[in-house]
Amino acid sequence: MGRCCFYTAGTLSLLLLVTSVTLLVARVFQKAVDQSIEKKIVLRNGTEAFDSWEKPPLPVYTQFYFFNVTNPEEILRGETPRVEEVGPYTYRELRNKANIQFGDNGTTISAVSNKAYVFERDQSVGDPKIDLIRTLNIPVLTVIEWSQVHFLREIIEAMLKAYQQKLFVTHTVDELLWGYKDEILSLIHVFRPDISPYFGLFYEKNGTNDGDYVFLTGEDSYLNFTKIVEWNGKTSLDWWITDKCNMINGTDGDSFHPLITKDEVLYVFPSDFCRSVYITFSDYESVQGLPAFRYKVPAEILANTSDNAGFCIPEGNCLGSGVLNVSICKNGAPIIMSFPHFYQADERFVSAIEGMHPNQEDHETFVDINPLTGIILKAAKRFQINIYVKKLDDFVETGDIRTMVFPVMYLNESVHIDKETASRLKSMINTTLIITNIPYIIMALGVFFGLVFTWLACKGQGSMDEGTADERAPLIRT
(Lines of atoms letter the chains of each structure in order from A; the text may use other names.)
(Lines give C-alpha, C1' and ligand atoms only; values in the text may rest on other atoms or scores of the structure.)
Protein backbone atom coordinates (compact mmCIF):
# COMPACT_ATOMS: atom_id res chain seq x y z
CA MET A 1 0.00 0.00 0.00
CA GLY A 2 2.77 2.42 0.97
CA ARG A 3 4.76 1.66 -2.17
CA CYS A 4 1.62 2.26 -4.29
CA CYS A 5 1.03 5.70 -2.71
CA PHE A 6 4.69 6.49 -3.19
CA TYR A 7 4.59 5.87 -6.96
CA THR A 8 1.16 7.52 -7.37
CA ALA A 9 2.30 10.75 -5.69
CA GLY A 10 5.44 10.89 -7.79
CA THR A 11 3.62 10.25 -11.04
CA LEU A 12 0.89 12.81 -10.27
CA SER A 13 3.45 15.42 -9.29
CA LEU A 14 5.40 14.96 -12.50
CA LEU A 15 2.29 14.98 -14.71
CA LEU A 16 0.79 18.06 -13.05
CA LEU A 17 4.03 20.03 -13.21
CA VAL A 18 4.62 19.16 -16.87
CA THR A 19 0.98 20.00 -17.70
CA SER A 20 1.10 23.36 -15.90
CA VAL A 21 4.35 24.39 -17.59
CA THR A 22 2.96 23.35 -20.98
CA LEU A 23 -0.22 25.37 -20.41
CA LEU A 24 1.78 28.41 -19.31
CA VAL A 25 4.16 28.28 -22.26
CA ALA A 26 1.31 27.75 -24.74
CA ARG A 27 -0.81 30.43 -22.95
CA VAL A 28 -3.86 28.23 -23.52
CA PHE A 29 -6.17 29.81 -20.94
CA GLN A 30 -4.85 33.34 -21.53
CA LYS A 31 -5.54 32.98 -25.25
CA ALA A 32 -9.03 31.67 -24.52
CA VAL A 33 -9.78 34.69 -22.34
CA ASP A 34 -8.31 37.10 -24.89
CA GLN A 35 -10.36 35.59 -27.71
CA SER A 36 -13.51 35.79 -25.62
CA ILE A 37 -12.91 39.48 -24.88
CA GLU A 38 -12.06 40.22 -28.51
CA LYS A 39 -15.42 38.79 -29.57
CA LYS A 40 -17.34 40.77 -26.94
CA ILE A 41 -15.64 44.16 -27.44
CA VAL A 42 -17.04 44.95 -30.87
CA LEU A 43 -19.64 47.42 -32.15
CA ARG A 44 -22.43 45.07 -33.07
CA ASN A 45 -26.13 45.25 -32.24
CA GLY A 46 -26.84 43.39 -29.03
CA THR A 47 -23.37 43.60 -27.52
CA GLU A 48 -22.72 45.40 -24.25
CA ALA A 49 -19.88 47.27 -25.95
CA PHE A 50 -22.30 48.71 -28.53
CA ASP A 51 -24.82 49.76 -25.88
CA SER A 52 -22.13 51.53 -23.83
CA TRP A 53 -20.76 53.23 -26.94
CA GLU A 54 -24.19 54.41 -28.07
CA LYS A 55 -25.25 55.66 -24.65
CA PRO A 56 -22.26 56.02 -22.29
CA PRO A 57 -23.40 54.90 -18.82
CA LEU A 58 -20.87 56.89 -16.81
CA PRO A 59 -21.61 60.54 -15.92
CA VAL A 60 -19.31 63.11 -17.49
CA TYR A 61 -18.90 66.54 -15.89
CA THR A 62 -17.35 69.65 -17.38
CA GLN A 63 -16.09 72.39 -15.10
CA PHE A 64 -15.51 75.83 -16.61
CA TYR A 65 -13.05 78.27 -15.02
CA PHE A 66 -12.73 81.89 -16.15
CA PHE A 67 -9.93 84.41 -15.73
CA ASN A 68 -11.46 87.68 -14.57
CA VAL A 69 -9.32 90.69 -15.55
CA THR A 70 -8.76 93.08 -12.62
CA ASN A 71 -6.59 95.84 -14.19
CA PRO A 72 -7.88 96.58 -17.73
CA GLU A 73 -6.73 100.22 -17.83
CA GLU A 74 -3.20 99.33 -16.75
CA ILE A 75 -3.02 96.59 -19.40
CA LEU A 76 -3.83 99.13 -22.11
CA ARG A 77 -0.93 101.22 -20.80
CA GLY A 78 1.44 98.30 -21.31
CA GLU A 79 1.50 96.89 -17.79
CA THR A 80 1.35 93.21 -16.79
CA PRO A 81 -2.21 91.77 -16.78
CA ARG A 82 -3.64 90.58 -13.47
CA VAL A 83 -6.32 87.92 -13.51
CA GLU A 84 -8.31 86.03 -10.91
CA GLU A 85 -9.58 82.50 -11.49
CA VAL A 86 -13.35 82.20 -11.07
CA GLY A 87 -15.01 78.79 -11.03
CA PRO A 88 -15.93 76.07 -11.32
CA TYR A 89 -19.22 76.34 -13.16
CA THR A 90 -20.11 72.69 -13.48
CA TYR A 91 -22.28 71.07 -16.12
CA ARG A 92 -23.25 67.46 -16.54
CA GLU A 93 -22.81 66.24 -20.10
CA LEU A 94 -25.54 64.20 -21.73
CA ARG A 95 -23.95 62.15 -24.49
CA ASN A 96 -25.23 59.72 -27.08
CA LYS A 97 -24.50 58.52 -30.58
CA ALA A 98 -27.21 59.12 -33.20
CA ASN A 99 -27.86 58.57 -36.92
CA ILE A 100 -26.14 55.19 -36.59
CA GLN A 101 -25.63 53.18 -39.75
CA PHE A 102 -23.54 50.05 -40.31
CA GLY A 103 -21.52 49.61 -43.48
CA ASP A 104 -18.87 47.45 -45.15
CA ASN A 105 -20.12 44.10 -43.83
CA GLY A 106 -20.19 45.38 -40.27
CA THR A 107 -16.57 46.56 -40.19
CA THR A 108 -17.51 50.27 -40.14
CA ILE A 109 -20.23 52.34 -38.51
CA SER A 110 -21.22 55.97 -39.04
CA ALA A 111 -22.70 58.22 -36.37
CA VAL A 112 -22.78 61.68 -34.84
CA SER A 113 -21.82 62.32 -31.22
CA ASN A 114 -24.53 64.44 -29.61
CA LYS A 115 -23.67 66.42 -26.52
CA ALA A 116 -25.81 68.58 -24.23
CA TYR A 117 -24.93 70.42 -21.01
CA VAL A 118 -27.06 70.60 -17.86
CA PHE A 119 -25.98 73.05 -15.14
CA GLU A 120 -25.19 71.57 -11.71
CA ARG A 121 -25.76 74.32 -9.14
CA ASP A 122 -24.54 72.36 -6.11
CA GLN A 123 -21.15 71.77 -7.77
CA SER A 124 -20.65 75.38 -8.88
CA VAL A 125 -19.46 78.60 -7.25
CA GLY A 126 -22.36 80.70 -8.48
CA ASP A 127 -25.09 81.33 -11.02
CA PRO A 128 -23.81 81.57 -14.61
CA LYS A 129 -26.78 83.74 -15.58
CA ILE A 130 -25.83 86.33 -12.95
CA ASP A 131 -22.08 86.14 -12.35
CA LEU A 132 -20.09 88.65 -14.42
CA ILE A 133 -16.66 88.15 -15.96
CA ARG A 134 -14.44 90.86 -17.41
CA THR A 135 -12.36 89.53 -20.28
CA LEU A 136 -11.06 90.37 -23.73
CA ASN A 137 -13.51 91.53 -26.37
CA ILE A 138 -12.98 88.48 -28.55
CA PRO A 139 -15.35 89.54 -31.37
CA VAL A 140 -13.45 92.84 -31.75
CA LEU A 141 -10.08 91.10 -31.74
CA THR A 142 -11.43 88.61 -34.28
CA VAL A 143 -12.64 91.28 -36.72
CA ILE A 144 -9.34 93.12 -36.26
CA GLU A 145 -7.59 89.89 -37.23
CA TRP A 146 -9.87 89.58 -40.25
CA SER A 147 -9.06 93.13 -41.28
CA GLN A 148 -5.40 92.20 -41.75
CA VAL A 149 -6.24 90.06 -44.78
CA HIS A 150 -9.87 90.90 -45.50
CA PHE A 151 -11.40 93.21 -48.08
CA LEU A 152 -13.63 94.64 -45.29
CA ARG A 153 -10.64 96.35 -43.62
CA GLU A 154 -11.86 99.92 -44.17
CA ILE A 155 -15.41 99.04 -43.12
CA ILE A 156 -14.15 97.32 -39.97
CA GLU A 157 -11.94 100.26 -38.99
CA ALA A 158 -14.84 102.67 -39.49
CA MET A 159 -17.26 100.49 -37.49
CA LEU A 160 -14.91 100.12 -34.53
CA LYS A 161 -14.41 103.88 -34.37
CA ALA A 162 -18.08 104.70 -34.83
CA TYR A 163 -19.28 102.28 -32.17
CA GLN A 164 -16.40 103.02 -29.76
CA GLN A 165 -15.58 99.41 -29.09
CA LYS A 166 -13.32 98.61 -26.13
CA LEU A 167 -10.72 95.88 -25.76
CA PHE A 168 -12.24 94.59 -22.51
CA VAL A 169 -15.90 93.78 -21.97
CA THR A 170 -18.04 92.34 -19.17
CA HIS A 171 -20.56 89.56 -19.72
CA THR A 172 -22.24 86.85 -17.71
CA VAL A 173 -20.72 83.38 -17.64
CA ASP A 174 -23.76 82.10 -19.51
CA GLU A 175 -23.27 84.65 -22.31
CA LEU A 176 -19.56 83.93 -22.65
CA LEU A 177 -20.19 80.20 -22.85
CA TRP A 178 -23.34 79.80 -24.90
CA GLY A 179 -23.48 83.04 -26.84
CA TYR A 180 -24.79 86.59 -27.03
CA LYS A 181 -25.63 88.89 -29.92
CA ASP A 182 -22.62 91.07 -30.62
CA GLU A 183 -22.95 94.57 -32.05
CA ILE A 184 -19.98 94.43 -34.41
CA LEU A 185 -20.68 90.90 -35.65
CA SER A 186 -24.28 91.91 -36.31
CA LEU A 187 -23.10 94.75 -38.56
CA ILE A 188 -20.67 92.51 -40.43
CA HIS A 189 -23.43 89.92 -40.82
CA VAL A 190 -25.20 92.40 -43.11
CA PHE A 191 -22.26 92.25 -45.54
CA ARG A 192 -21.33 88.63 -44.85
CA PRO A 193 -24.44 86.52 -44.06
CA ASP A 194 -22.19 83.49 -43.45
CA ILE A 195 -20.76 85.22 -40.36
CA SER A 196 -23.01 84.71 -37.34
CA PRO A 197 -24.08 87.81 -35.37
CA TYR A 198 -23.67 85.77 -32.18
CA PHE A 199 -20.53 84.96 -30.25
CA GLY A 200 -19.87 82.44 -27.50
CA LEU A 201 -16.91 80.24 -26.65
CA PHE A 202 -19.25 77.22 -26.94
CA TYR A 203 -21.89 78.80 -29.14
CA GLU A 204 -23.98 76.16 -30.94
CA LYS A 205 -22.21 73.38 -29.02
CA ASN A 206 -24.99 72.70 -26.53
CA GLY A 207 -27.45 70.12 -27.78
CA THR A 208 -25.50 69.63 -30.99
CA ASN A 209 -22.69 67.47 -32.36
CA ASP A 210 -19.19 68.07 -33.70
CA GLY A 211 -19.70 66.42 -37.08
CA ASP A 212 -20.21 63.14 -38.88
CA TYR A 213 -17.92 60.25 -37.97
CA VAL A 214 -17.15 56.89 -39.52
CA PHE A 215 -15.63 54.43 -37.03
CA LEU A 216 -14.20 50.94 -37.30
CA THR A 217 -16.28 48.46 -35.31
CA GLY A 218 -13.45 46.12 -34.32
CA GLU A 219 -15.05 43.29 -36.30
CA ASP A 220 -11.90 42.75 -38.36
CA SER A 221 -9.46 43.32 -35.48
CA TYR A 222 -9.91 44.25 -31.83
CA LEU A 223 -7.06 46.76 -32.27
CA ASN A 224 -9.34 48.80 -34.56
CA PHE A 225 -12.18 49.11 -32.05
CA THR A 226 -13.80 52.60 -32.48
CA LYS A 227 -10.90 53.98 -34.53
CA ILE A 228 -11.93 56.96 -36.66
CA VAL A 229 -11.91 56.41 -40.43
CA GLU A 230 -13.56 59.68 -41.48
CA TRP A 231 -14.64 62.94 -39.92
CA ASN A 232 -17.04 65.20 -41.82
CA GLY A 233 -16.43 63.20 -44.96
CA LYS A 234 -12.64 63.52 -44.82
CA THR A 235 -9.99 60.94 -44.02
CA SER A 236 -7.50 63.68 -43.11
CA LEU A 237 -7.49 67.35 -42.12
CA ASP A 238 -6.46 70.22 -44.38
CA TRP A 239 -5.50 72.90 -41.84
CA TRP A 240 -1.88 72.06 -41.22
CA ILE A 241 1.29 72.15 -43.32
CA THR A 242 2.36 68.50 -43.44
CA ASP A 243 0.46 65.30 -44.23
CA LYS A 244 1.56 63.84 -40.90
CA CYS A 245 0.09 66.73 -38.94
CA ASN A 246 -3.16 66.45 -40.90
CA MET A 247 -3.66 62.77 -40.06
CA ILE A 248 -6.78 61.74 -38.14
CA ASN A 249 -5.48 59.11 -35.74
CA GLY A 250 -7.06 56.93 -33.08
CA THR A 251 -10.47 57.15 -31.41
CA ASP A 252 -12.54 60.10 -30.24
CA GLY A 253 -11.31 59.48 -26.69
CA ASP A 254 -14.54 57.95 -25.40
CA SER A 255 -13.27 54.38 -25.75
CA PHE A 256 -10.18 52.30 -26.42
CA HIS A 257 -9.50 48.77 -27.63
CA PRO A 258 -9.13 45.93 -25.08
CA LEU A 259 -5.95 44.04 -24.14
CA ILE A 260 -3.79 47.15 -23.85
CA THR A 261 -0.08 46.84 -23.06
CA LYS A 262 1.87 49.57 -21.31
CA ASP A 263 4.26 49.82 -24.25
CA GLU A 264 1.45 51.00 -26.52
CA VAL A 265 1.04 54.60 -27.64
CA LEU A 266 -2.67 55.43 -27.85
CA TYR A 267 -3.96 58.04 -30.30
CA VAL A 268 -6.95 60.34 -29.88
CA PHE A 269 -8.61 62.89 -32.14
CA PRO A 270 -10.34 65.59 -30.05
CA SER A 271 -12.06 67.73 -32.69
CA ASP A 272 -12.09 70.82 -30.45
CA PHE A 273 -8.28 70.67 -30.45
CA CYS A 274 -8.22 70.57 -34.27
CA ARG A 275 -5.56 67.84 -34.39
CA SER A 276 -4.72 64.32 -33.32
CA VAL A 277 -2.74 63.78 -30.13
CA TYR A 278 -1.24 60.75 -28.44
CA ILE A 279 -1.04 59.57 -24.85
CA THR A 280 1.65 57.41 -23.27
CA PHE A 281 1.82 55.08 -20.27
CA SER A 282 2.78 56.84 -17.06
CA ASP A 283 2.02 54.64 -14.06
CA TYR A 284 -0.04 51.81 -12.56
CA GLU A 285 -3.20 52.93 -10.78
CA SER A 286 -6.13 51.42 -8.90
CA VAL A 287 -9.63 52.89 -9.36
CA GLN A 288 -12.44 51.51 -7.17
CA GLY A 289 -10.25 48.45 -6.64
CA LEU A 290 -9.81 47.90 -10.37
CA PRO A 291 -6.34 47.77 -11.98
CA ALA A 292 -5.60 50.59 -14.42
CA PHE A 293 -2.89 51.97 -16.64
CA ARG A 294 -2.56 55.73 -16.32
CA TYR A 295 -1.93 57.39 -19.67
CA LYS A 296 -0.99 61.06 -19.96
CA VAL A 297 -0.57 63.65 -22.69
CA PRO A 298 3.21 64.16 -22.79
CA ALA A 299 4.82 67.60 -22.96
CA GLU A 300 6.11 66.72 -26.44
CA ILE A 301 2.60 67.17 -27.87
CA LEU A 302 2.91 70.97 -27.71
CA ALA A 303 6.70 71.21 -27.63
CA ASN A 304 8.50 73.57 -29.99
CA THR A 305 10.21 70.79 -31.95
CA SER A 306 10.75 69.81 -35.56
CA ASP A 307 8.04 67.14 -35.20
CA ASN A 308 5.51 69.89 -34.47
CA ALA A 309 6.74 72.39 -37.07
CA GLY A 310 3.82 71.41 -39.31
CA PHE A 311 1.42 72.92 -36.78
CA CYS A 312 3.03 76.36 -36.99
CA ILE A 313 0.66 78.64 -38.94
CA PRO A 314 1.70 80.49 -41.01
CA GLU A 315 4.67 78.28 -41.84
CA GLY A 316 7.63 78.96 -39.56
CA ASN A 317 5.56 81.04 -37.12
CA CYS A 318 6.01 78.91 -34.00
CA LEU A 319 4.90 80.67 -30.82
CA GLY A 320 6.85 78.40 -28.44
CA SER A 321 6.39 75.27 -26.37
CA GLY A 322 3.07 74.65 -24.68
CA VAL A 323 0.77 76.58 -27.02
CA LEU A 324 -1.00 75.86 -30.32
CA ASN A 325 -2.36 78.45 -32.75
CA VAL A 326 -5.75 77.11 -33.89
CA SER A 327 -7.04 80.26 -35.58
CA ILE A 328 -7.03 78.42 -38.90
CA CYS A 329 -9.79 76.10 -37.67
CA LYS A 330 -11.69 78.70 -35.61
CA ASN A 331 -12.88 80.98 -38.41
CA GLY A 332 -9.82 83.17 -38.14
CA ALA A 333 -10.35 84.10 -34.47
CA PRO A 334 -6.90 84.53 -32.83
CA ILE A 335 -7.42 81.55 -30.51
CA ILE A 336 -4.43 79.83 -28.94
CA MET A 337 -4.86 76.51 -27.13
CA SER A 338 -2.78 75.38 -24.17
CA PHE A 339 -3.07 73.38 -21.00
CA PRO A 340 -4.56 75.22 -17.97
CA HIS A 341 -2.40 77.98 -16.48
CA PHE A 342 0.12 77.28 -19.28
CA TYR A 343 1.07 73.97 -17.67
CA GLN A 344 4.10 72.49 -19.51
CA ALA A 345 4.50 75.72 -21.52
CA ASP A 346 7.50 78.03 -21.74
CA GLU A 347 7.99 80.08 -18.58
CA ARG A 348 7.56 83.34 -20.50
CA PHE A 349 3.86 82.57 -21.04
CA VAL A 350 3.38 82.01 -17.30
CA SER A 351 5.33 85.07 -16.17
CA ALA A 352 3.57 87.35 -18.68
CA ILE A 353 0.31 87.06 -16.70
CA GLU A 354 -0.04 87.68 -12.97
CA GLY A 355 -2.28 84.93 -11.63
CA MET A 356 -0.93 81.87 -13.43
CA HIS A 357 -0.12 78.95 -11.10
CA PRO A 358 0.41 75.78 -13.16
CA ASN A 359 0.58 72.47 -11.32
CA GLN A 360 0.40 68.83 -12.35
CA GLU A 361 -2.41 67.71 -10.06
CA ASP A 362 -4.95 70.27 -11.25
CA HIS A 363 -3.88 70.93 -14.82
CA GLU A 364 -2.60 67.78 -16.52
CA THR A 365 -4.69 65.61 -18.85
CA PHE A 366 -4.80 61.89 -18.05
CA VAL A 367 -6.90 58.77 -18.52
CA ASP A 368 -6.96 55.63 -16.36
CA ILE A 369 -7.78 52.59 -18.51
CA ASN A 370 -8.44 49.02 -17.45
CA PRO A 371 -5.93 47.20 -19.69
CA LEU A 372 -7.98 44.00 -20.00
CA THR A 373 -11.21 45.57 -21.27
CA GLY A 374 -10.03 48.98 -22.51
CA ILE A 375 -12.75 50.60 -20.38
CA ILE A 376 -12.05 54.10 -19.05
CA LEU A 377 -12.21 54.09 -15.25
CA LYS A 378 -11.23 57.69 -14.61
CA ALA A 379 -10.16 60.58 -16.82
CA ALA A 380 -9.65 64.33 -16.94
CA LYS A 381 -9.38 66.27 -20.19
CA ARG A 382 -8.11 69.78 -19.51
CA PHE A 383 -7.33 72.58 -21.91
CA GLN A 384 -7.28 76.36 -21.93
CA ILE A 385 -8.56 78.92 -24.44
CA ASN A 386 -6.32 81.94 -24.92
CA ILE A 387 -6.29 84.91 -27.30
CA TYR A 388 -3.23 86.24 -29.09
CA VAL A 389 -3.09 90.03 -28.63
CA LYS A 390 -0.72 92.75 -29.75
CA LYS A 391 -0.68 96.50 -30.27
CA LEU A 392 -1.84 97.68 -33.69
CA ASP A 393 -1.30 101.35 -34.50
CA ASP A 394 -4.31 101.45 -36.83
CA PHE A 395 -6.61 100.30 -34.04
CA VAL A 396 -6.71 102.56 -30.98
CA GLU A 397 -8.67 99.85 -29.15
CA THR A 398 -5.43 97.92 -28.58
CA GLY A 399 -3.76 100.86 -26.79
CA ASP A 400 -0.21 100.03 -25.72
CA ILE A 401 -0.97 96.42 -24.85
CA ARG A 402 1.97 94.03 -24.82
CA THR A 403 2.21 91.23 -27.35
CA MET A 404 1.13 88.12 -25.45
CA VAL A 405 -0.99 85.01 -25.25
CA PHE A 406 -3.85 86.12 -22.99
CA PRO A 407 -5.79 83.48 -20.97
CA VAL A 408 -9.59 83.60 -21.15
CA MET A 409 -10.83 80.35 -19.59
CA TYR A 410 -10.10 76.65 -19.19
CA LEU A 411 -12.17 73.54 -18.69
CA ASN A 412 -11.88 70.22 -16.92
CA GLU A 413 -13.93 67.44 -18.53
CA SER A 414 -13.89 64.48 -16.17
CA VAL A 415 -15.38 61.03 -15.68
CA HIS A 416 -15.13 58.54 -12.81
CA ILE A 417 -16.55 55.03 -12.74
CA ASP A 418 -19.27 54.55 -10.11
CA LYS A 419 -19.28 51.79 -7.49
CA GLU A 420 -22.08 49.76 -9.09
CA THR A 421 -20.43 49.66 -12.52
CA ALA A 422 -17.05 48.98 -10.91
CA SER A 423 -18.53 46.05 -8.97
CA ARG A 424 -19.88 44.43 -12.16
CA LEU A 425 -16.58 44.96 -13.96
CA LYS A 426 -14.63 43.60 -10.99
CA SER A 427 -16.71 40.41 -11.00
CA MET A 428 -15.95 39.85 -14.67
CA ILE A 429 -12.23 40.57 -14.20
CA ASN A 430 -12.03 38.20 -11.20
CA THR A 431 -13.59 35.43 -13.30
CA THR A 432 -10.98 35.90 -16.02
CA LEU A 433 -8.23 35.92 -13.39
CA ILE A 434 -9.40 32.56 -12.07
CA ILE A 435 -9.39 31.12 -15.59
CA THR A 436 -5.95 32.48 -16.47
CA ASN A 437 -4.54 31.22 -13.15
CA ILE A 438 -5.64 27.61 -13.71
CA PRO A 439 -2.10 26.60 -14.80
CA TYR A 440 -0.73 27.97 -11.52
CA ILE A 441 -3.38 26.03 -9.58
CA ILE A 442 -2.32 22.86 -11.41
CA MET A 443 1.31 23.71 -10.66
CA ALA A 444 0.49 24.16 -6.97
CA LEU A 445 -1.14 20.71 -6.93
CA GLY A 446 1.95 19.31 -8.63
CA VAL A 447 4.15 20.84 -5.94
CA PHE A 448 1.84 19.45 -3.24
CA PHE A 449 2.06 15.90 -4.60
CA GLY A 450 5.80 16.41 -5.01
CA LEU A 451 6.03 17.17 -1.30
CA VAL A 452 3.93 14.08 -0.54
CA PHE A 453 6.26 12.05 -2.75
CA THR A 454 9.29 13.42 -0.90
CA TRP A 455 7.71 12.72 2.49
CA LEU A 456 6.87 9.15 1.51
CA ALA A 457 10.38 8.65 0.16
CA CYS A 458 11.94 9.89 3.41
CA LYS A 459 9.54 7.77 5.48
CA GLY A 460 10.35 4.68 3.43
CA GLN A 461 14.08 5.26 3.82
CA GLY A 462 13.64 5.65 7.57
CA SER A 463 11.78 2.37 7.80
CA MET A 464 14.52 0.58 5.90
CA ASP A 465 17.18 2.01 8.21
CA GLU A 466 15.38 0.94 11.41
CA GLY A 467 14.49 -2.65 10.33
CA THR A 468 12.95 -5.34 12.68
CA ALA A 469 14.31 -6.64 16.02
CA ASP A 470 15.47 -9.91 14.41
CA GLU A 471 17.20 -8.00 11.62
CA ARG A 472 19.08 -5.92 14.17
CA ALA A 473 20.26 -9.04 16.14
CA PRO A 474 23.87 -10.26 15.53
CA LEU A 475 24.31 -13.23 13.23
CA ILE A 476 26.65 -15.12 15.65
CA ARG A 477 25.51 -15.38 19.21
CA THR A 478 27.62 -16.55 22.10
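The backbone N, Cα and C atoms fix where each Cβ goes, and this holds for glycine too.
Looking up C329 in Swiss-Prot gives a disulphide bond to a cysteine among C245, C274, C458, identified as C274.
Following the DSSP three-state reduction, the secondary structure of N304 (N-linked glycosylation site) is coil.
Between the C-alpha atoms of N249 (N-linked glycosylation site) and N224 (N-linked glycosylation site), the distance comes to 11 Å. Taking a C-beta cut-off of under 8 Å and a sequence gap of six or more, N325 (N-linked glycosylation site) has these contacts in its own chain: F311, C312, I313, N317, L319, I335, I336, Y388.
Using CA atoms as reference points, the glycosylation sites N45, N105, N206, N304 were checked against N224 (N-linked glycosylation site), and the closest is N105. Regional average pLDDT for the topological domain 'Cytoplasmic' (1-4) in the model is 55.
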